[in-house]
Amino acid sequence: MRLFTHGQVLALLAFVNTISAIPSFSTNSYPAHPAEPVSLVSQHQPQAPLGLWTRLRNSVIERVWGVPPQQRHRGGNKHQYPPFSAPASLRTRYGDDVVLRFKLQTADEVKALVEASNILFLDVWSSTDEWIDIRLAKDVVPSLLGLLPKSLQTTHVPLIRDLPQTIYESYPSPFQSSSGHERGFLPSGEPSSDATNIFFENYQPLSVIVPWMRLLASMFPSHAQFISIGSSFEGRDIPALRVGVRPANDQKPRRTLIIEGGSHAREWIGVSTVNYVAYSLITSYGKSKPISTLLEQFDFIFIPTINPDGYVYTWETDRLWRKNRQETSLPFCHGVDLDRTWGFEWNGNVTGDNPCLESYGGDKPFAGVEAHQLAEWVKEQTEQRNAKFVAFVDLHSYSQQILYPYSYSCLSQPPNLENLEELAMGIAKAIRLTNRKTYAVSSACGGLMASQKKKVKSETFLRMESTGGSALDWFYHDFGVKYAYQLKLRDRGSYGFLLPRENIVPTGNEVFNAVMMLGRFLLGKSRAFQELDWDAGFQRPNKDDKPILNDDDDDDNDDDDDDDDDADTNDDGIGRKDDSWVPDEYKGDNDRDESDGGWGFRRLRKR
C-alpha cells in the first residue's frame, strides 16, 4: 500500500526544510497574519483523530517554532495568538526606511531625480516611463526633496511605510492557510491537493528548492532531469531542471527554451514562478495533450535562480540584496549586477569605478561569475548536445511588463520587431485572461527608462541606471535566440520586491499560460498542432472566464479588474497616502494631470 502520493512526498520535503530554514529573528517572534489556526499535537481534540500527515506537520511547527497550545475562548471557537511584529534585528538593519513613488512628466524631472539619488546613494527599486520608486530613510526625505524641483516635491506617494514589518511578513509562516487564494490549479482547472501546494504556499529557501528539484526529477525520470549550469562565486551549484521528451533516434537539433529567474536576489517571486511552471509541466505530461506535445517538441531549461549566493544572502542576512556576492575592488562593496555584466553593449564604464552601485556591471564584460557560467553552458549545449535555443524568458519583478529587445538603447530596433511585438501582445492577453492582470508591452529600453513626452517630437530617453550588458540583449543579439523576453512580474508597487506569498500561485498561473502561449507560437501553423485543444492545456482558476485562445475577444473592451494593487490609489493598504512624516513645505494637493497615465498596453516602438 502506498502511503504517500508524489505530491505529498514533495510537500513533506518542502515543509520540513522550510520550517528549519526560517530565519530565527527572535525567540519571541511569531509569523504574521495567520489566516487559519493550525491544530497542534499538544491540543486535545477528541472529536476526530488526526491523520499522519497532519500530525507530522503540526509536530514540526510546535517543535521548531515553540508555538504554545492554542487556547479557545470559553463557549467559542476563536483562537488567541501572541502578538507578532518585526523583531529588533530587522528594525536595527532597516531602521525607519520607506519606499516612495515619484510620478514623472518631463525629462528634466528624471534628470533631477537621478542626480539626487546618486548624491544621496539611494536604492532605486523600479522605474518606468511614468514613475520611479525609491527606498530611503524617513530622515533623508527632506534632503531628497530639497534637491528636487518644485514639481516633484509634492507629487510623491508612499508605497511602503514600515519596511521592516513588510520584510518580516514576506518570510514563510508555519501556519498553513486554507484560503482559496492560496490553492493551486492544475492544467485541468481543478484545484490540486493541499499537500501538493504546501511548497507553493510560501517562498522557499535554496536549501529547500534544490532537494525538491532533485526529488521531482527522480519521480519523473522519463521527462525531467536535474542538472547544474555551473558554479557560483561561493562554490554553489547553479541548479536547473531539463524538461522534455526527445525521441531516441532523433538527430535533428533540439529546440530549447530557457526560463530563468532570480538574477536579482531580492526578486523572490521570479524564483517561485520558475519552480511553479516547471512543476506544472512535469506533472501534466501524459495528462494534457497540448503539454505533452510541447515536451515532445521542445526541451525546457528551468533555472530558478542564476544567483544562488545572492539568494541565500537574502534569506540569511539582507532581504533586499540585489547583486551576486563576489568580491570587487572595494572590500566593503560586494557584488556584481548579473543583468548588467553580459557581453553585448556592456557599458561598465558608466559604473565601473563604483562597485557600491546596485547596477554595477563589473570591471569587464562577463565579470559576473554566474553570468559567464551560463553563457559558457549554452555554448557547450549548442556545440556538443545539438541544442538550438529558440526562446529565452528572464523573470524579474516588479511592474507587470513584458519587455523585448533592446535594453541598451531605444535607437536600435530588432530585425524581427513585428514578430516580437505580436507574440508579446499574445502573452499579455493570455496573462490578462488568466487573472485579469494587465501587463504593459514595451521594448526593454522603454520599460527601463523615462521619456520626455509632449515636449518635443523626438523622445529623449534618460537612464535611471546602466541598461547595457543585459542577458536579454546578449541572448537575442549575440547568441541568436529569436524570441527573447524579460517579464517583470507582479505587482505595480504596492509591495514591490516584498510581494505577499498569496501571489505565488496566481503569478505562477499567469506565467504558465504565458509559456504555453509561447510554445504554441513556436510550433507554427502546422495543422496537426493548431488542431490541438490548446485551451485544455491552459490554467484557468475561474472556469467561467473566457477561453485563453478566444480570438474573438476584444482586448480593448474586456473588463479589467486589475486595480487592486495600484499603490497610488490605495487609501487603506500599504500604499495609503500617509504623509505625516513629510515636511509641511513639501506637501501639496497632488493634483497633476494624469490623463495619459493609463495602464493599458503601450506599444512604444519608434517607427
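Every residue, even glycine, has its Cβ placed from backbone N, Cα and C.
Swiss-Prot lists 1-21 with the feature signal peptide.
Marked as substrate binding site by Swiss-Prot: HIS264, ALA265, ARG266, GLU267, ARG322, ASP339, ARG340, SER397, TYR398. Remark: HIS264 (substrate binding site) has GLY270, ASN307, GLY310, ARG322, LYS323, ASP337, LEU338, ASP339, HIS396 as non-local neighbours, by Cβ distance under 8 Å and separation of at least 6 in sequence.
Per Swiss-Prot, disulfide bond is recorded for CYS333-CYS356. According to DSSP, CYS356 (disulfide bond) is assigned to coil rather than to any helix or strand. The Cβ of CYS356 (disulfide bond) has 13 neighbouring Cβ atoms from other residues within 10 Å, across all protein chains displayed.
The N-linked glycosylation site annotation in Swiss-Prot covers ASN349 and rests on sequence analysis. Around the Cβ of ASN349 (N-linked glycosylation site), the number of neighbouring Cβ atoms within 10 Å comes to 11.
Residues or ranges marked as region 'Disordered' in Swiss-Prot: 539-607.
For 550-571, the entry in Swiss-Prot reads compositional bias 'Acidic residues'.
Here Swiss-Prot flags 573-590 as compositional bias 'Basic and acidic residues'.
Residues listed for substrate, HIS264, ALA265, ARG266, GLU267, ARG322, ASP339, ARG340, SER397, TYR398, cover a largest CA to CA span of 17 Å. In the three-state DSSP scheme, ARG322 (substrate binding site) falls into the coil class. In this structure, the C-alpha atom of TYR398 (substrate binding site) lies 25 angstrom from that of CYS333 (disulfide bond).
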